[in-house]
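Listed in Swiss-Prot:
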type     : residues : note
CARBOHYD : 35       : N-linked glycosylation site
CARBOHYD : 173      : N-linked glycosylation site
CARBOHYD : 205      : N-linked glycosylation site
CARBOHYD : 282      : N-linked glycosylation site
CARBOHYD : 309      : N-linked glycosylation site
CARBOHYD : 497      : N-linked glycosylation site
CARBOHYD : 526      : N-linked glycosylation site
CARBOHYD : 575      : N-linked glycosylation site
CARBOHYD : 624      : N-linked glycosylation site
CARBOHYD : 630      : N-linked glycosylation site
REPEAT   : 55-76    : repeat 'LRR 1'
REPEAT   : 103-124  : repeat 'LRR 3'
REPEAT   : 127-148  : repeat 'LRR 4'
REPEAT   : 176-197  : repeat 'LRR 6'
REPEAT   : 497-518  : repeat 'LRR 14'
REPEAT   : 521-542  : repeat 'LRR 15'
REPEAT   : 545-566  : repeat 'LRR 16'
C-alpha cells in the first residue's frame with residue numbers, strides 16, 4: 001500500500017507538468033540539413049518553436065495553428081532566408097513581426113485568413129525578393145504595406161478578393177519587380193488611371209499575369225506606350241465580343257511575350273472567330289502564344305499576318321482545319337505547334353526560322369519535306385509521324401541543323417546517312433520504329449554529334465560498324481534494343497569520347513572481352529535489366545574513368561573467374577541490387593567481397609539471396625554461411641571414397657575372373673558338353689586341325705573338343721565365348737605351348753583365366769602340350785607358366801612314330817581321367 005501511494009505521488013506531479021508543456025517544446029522538427037533546413041509541418045505548434053538552431057536558413061512551419069504573429073516573432077533566427085507559413089490560420093500580423101530577418105529572401109503566407117495587417121508588418125525585410133500572399137483575403141493592393149520592399153522581384157497575390165487593377169503609387173519604389181501575379185481575382189475593368197504609375201516609373205522587365213479574372217472592359221489607351229516583358233490573359237473573357245473589345249483595348253502596348261487563350265479545365269468561350277484577334281495588329285509583340293482553343297480555325301495564316309515581324313510564334317492545343325503555306329513573309333525565328341490538330345502536315349517555308357517545335361500533334365501522320373534554310377533546332381517528337389527515307393538535307397531544307405528530335409514517332413526508314421546534316425550535335429530517335437539501321441553505317445558523317453538516343457527503337461544490332469564515324473559522341477542511349485545471339489560485339493571502336501552509355505533492357509547474356517577497350521573516357525555505364533548470370537570483371541578493367549556501373553535487375557549469382565577487386569579504381573558506385581545471388585559455400589569468396597565493398601555498392605542492404613531456398617530473401621550482408629564440415633564426416637567420406645576406388649580398380653583388373661566365378665556358381669556341377677577346351681595360338685592352328693582334332697575326335701574312344709573357330713557363338717564377345725563356351729562347358733583344358741603362344745596376349749589371357757578356372761572347379765585340370773622347344777629366356781617372361789612347367793608334368797610333341805604313339809596314349813589317358821565310361825563308344 002505504501003509503495004502504491006509513493007508511485008501515485010510521483011506520477012501525478014509528472015502528469016501535471018506534462019499537461020502544461022506546449023507541444024512545440026518536445027515535438028521534434030525534421031532536420032533536413034543539419035543546422036540549416038528544418039521542416040516543422042503539421043506539428044500542432046501554437047507558437048514559434050524555440051528548440052531550433054540560430055543558424056537555421058530554411059524553416060517550414062506550414063499547417064500549424066500559429067494564428068497570431070507578434071513583434072520580433074523570429075528574433076531567434078537572424079540567418080533565416082526562406083520562411084514558409086502556409087495555412088497557419090494567421091489572422092493578425094503585428095508591426096515588426098519579421099524584424100531582424102534581414103537575410104530573408106522568400107516569405108510564403110499562402111492560405112492564411114489575414115484580418116489585421118499592421119502598416120509595419122513587413123518591416124525589417126531588407127532582402128526580401130519573393131512574397132507569396134495567395135488566398136489571404138487581400139481586397140486591395142492599395143492597403144498592402146509593401147512599398148518599402150525595394151528588393152522585391154516577385155509578388156504573388158493570386159486567388160484573392162482584389163477588384164481594382166489600380167497599381168498603387170508605391171509601385172514606383174519597387175524598381176526590381178519582375179513578376180506580378182494577379183490571377184484568379186475579381187478584376188473586371190481596367191482603366192487608364194490604373195496604370196498611371198507605369199508611365200511614371202516604367203518596369204520593362206515586369207511579367208503581369210491577369211488570368212482567370214472576369215475582365216469585361218479595357219479602356220482604350222490604358223496600355224498605350226507601356227512596356228512589359230510578359231502579359232498573360234487566359235480564361236478572362238465570357239464571350240467573343242468581350243474578347244475582341246478587350247484586345248483592341250491593349251492598343252499601343254509593347255510587350256515581349258503575349259499569352260492569350262484559355263486553360264484546359266477553365267473554358268469560358270462557347271465559340272471563337274479569328275476576328276477576335278484583329279486587335280493584335282495594334283500591339284508590338286516579340287513573342288506570341290495562343291493556348292487551348294477547341295474550335296477549328298480556318299486558314300490561320302492571314303489571321304497572323306500582323307504578327308509577321310514577331311520573333312516567336314506558338315500555338316498550344318489549337319485545332320486548325322486548314323493551313324496554307326507558312327511562307328517567307330513571316331520573320332519568325334521560333335515556331336511552336338504543340339498538341340494541335342492538323343488535317344495534314346503543314347508546308348513550311350520560312351527563311352529566318354531557327355527553332356521549330358512540332359510535338360504531340362494529331363493528324364497529318366506522313367512527314368513532308370520543309371524548306372527552312374536557317375533551322376538549327378527541330379523537335380518533331382510525339383506526333384506518330386512516318387518517314388520513308390531519313391535523313392538528309394533535302395528532308396529539312398537546311399545544312400545548319402544542330403538539334404533533331406524524332407522520338408515517339410511511327411516507322412522511320414533509314415535511307416541516308418545524314419548527308420548535308422554534318423552539323424548535328426543532338427539526335428533523338430527513342431521509342432520510334434527504326435528500319436534498316438544495321439544495313440550500313442547510318443551515322444558515318446555525324447562527326448560533330450554529341451548526344452544520340454536510339455532507345456526502344458526495335459533495333460537489332462547485326463552490323464559492327466553501326467556507330468562508325470561518331471568521333472565526338474559523349475552520350476549514347478540504346479536501351480530496349482537487341483543484339484544477335486544476345487552477344488555484345490566490338491561496336492564502340494570510334495567512340496573514344498563517350499562518357500555515358502546505356503545498354504539496359506537489351507537481353508544481353510554475354511559481351512566481348514574487348515567491347516569497351518576504346519572507351520577511356522566512359523564515366524557512367526548502365527547494364528541493368530539484362531540476362532547476365534555472372535559478373536564478368538575483365539571487360540571493365542580498361543575503363544580508367546568509370547565512376548558508375550549499374551548491373552541491377554539481372555540474374556547474377558556470382559562473379560566470373562576474376563576477382564571483383566579488379567574493377568577500375570575510379571569506380572565510385574556499383575549497383576548489384578535485385579539479382580539472383582547464390583548464398584552457398586561455392587560462392588563464399590564473392591559474398592565476402594560484397595560485405596567488404598559495402599561502401600562501393602549502391603543500396604547494398606537491398607541485395608538478397610535467391611538460393612538456396614532456406615536463405616531466399618535474406619540480405620546478403622547479414623547471411624552467415626557455415627562451410628566447415630565435421631572432421632568425422634570428412635574422415636568417413638575420405639575412407640568411403642578410398643574403398644570405392646580400390647574396389648573399382650580390383651573389379652576392373654579382375655573383371656573376367658569374376659565373370660568366371662559367376663559362371664561357376666550359376667552352372668555348378670552341370671553336365672559338360674566338351675571333354676577339353678583347347679587354348680592355342682592361331683599360328684599353330686594347322687597342327688591342331690590335322691593332328692589334335694583328327695586323332696582325338698576320330699579315335700577310339702572319341703573325344704569332343706571345344707575349338708574357337710568352330711564352336712564359339714557368332715556375335716558374342718570373345719571373352720564371353722572363352723568363359724561361357726570354353727571353360728564352363730569343358731572338363732579339361734588343353735594348353736598348346738609354343739613360341740607363338742607365349743608371344744600372344746590372347747593366349748596368355750586365356751591361360752590366366754584357365755588358372756582361375758582350375759582353382760574354382762575341383763574337377764578341372766590343365767593339360768600342357770609343348771609343341772616345340774621353347775627358349776628358356778622367352779619362357780621366363782611368363783613367370784607363372786614357367787613355374788608350372790617346371791613343377792608339373794607335361795606332354796611334348798615328337799616327330800618320331802614311337803614318340804607320337806606314346807604322346808597320344810598319354811593324352812587319351814589324361815582326358816579319360818574323371819570321365820564316365822560308355823561301352824558303346826568302343
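Glycine is treated like the rest: Cβ placed from N, Cα and C.
Small disclaimer: the values here were computed from a predicted structure and weren't measured.
Here the features listed in Swiss-Prot are placed on the structure.
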{"residue": "35", "record": "N-linked glycosylation site", "Cβ within 10 Å": "13"}
{"residue": "173", "record": "N-linked glycosylation site", "Cβ within 10 Å": "17"}
{"residue": "205", "record": "N-linked glycosylation site", "Cβ within 10 Å": "16"}
{"residue": "282", "record": "N-linked glycosylation site", "Cβ within 10 Å": "16"}
{"residue": "309", "record": "N-linked glycosylation site", "Cβ within 10 Å": "11"}
{"residue": "497", "record": "N-linked glycosylation site", "Cβ within 10 Å": "15"}
{"residue": "526", "record": "N-linked glycosylation site", "Cβ within 10 Å": "20"}
{"residue": "575", "record": "N-linked glycosylation site", "Cβ within 10 Å": "21"}
{"residue": "624", "record": "N-linked glycosylation site", "Cβ within 10 Å": "7"}
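Helix, strand and coil counts from DSSP across the repeat 'LRR 14' (497-518) read 0 helix, 5 strand, 17 coil.
According to DSSP, residue 205 (N-linked glycosylation site) sits in a coil region rather than a helix or strand. Residue 173 (N-linked glycosylation site) carries a helical DSSP state (H, G or I). Secondary structure of the repeat 'LRR 1' (55-76) per DSSP, as helix, strand and coil residue counts: 0 helix, 5 strand, 17 coil. Sorting each residue of the repeat 'LRR 15' (521-542) by its DSSP state yields 3 helix, 5 strand, 14 coil. Confidence in the repeat 'LRR 15' (521-542), given as mean pLDDT, stands at 94.
The two recorded residues residue 497 (N-linked glycosylation site) and residue 173 (N-linked glycosylation site) have their Cα atoms spaced 53 Å from each other. Across the fold, the C-alpha of residue 282 (N-linked glycosylation site) and the C-alpha of residue 624 (N-linked glycosylation site) stand 81 Å from each other. Residue 35 (N-linked glycosylation site) and residue 575 (N-linked glycosylation site) have their C-alpha atoms 32 Å apart, to the nearest angstrom.
If you measure from the Cα atom of residue 526 (N-linked glycosylation site) to that of residue 575 (N-linked glycosylation site), you get 9 Å. Nearest neighbour of residue 309 (N-linked glycosylation site) by Cα distance, taken over the glycosylation sites 173, 205, 575, 624: 205. With DSSP states grouped into helix (H, G, I), strand (E, B) and coil, the repeat 'LRR 4' (127-148) comes out at 0 helix, 3 strand, 19 coil. Sorting each residue of the repeat 'LRR 3' (103-124) by its DSSP state yields 0 helix, 5 strand, 17 coil.
Using Cα positions, the member of the glycosylation sites 173, 205, 575 nearest to residue 624 (N-linked glycosylation site) is identified as 575.
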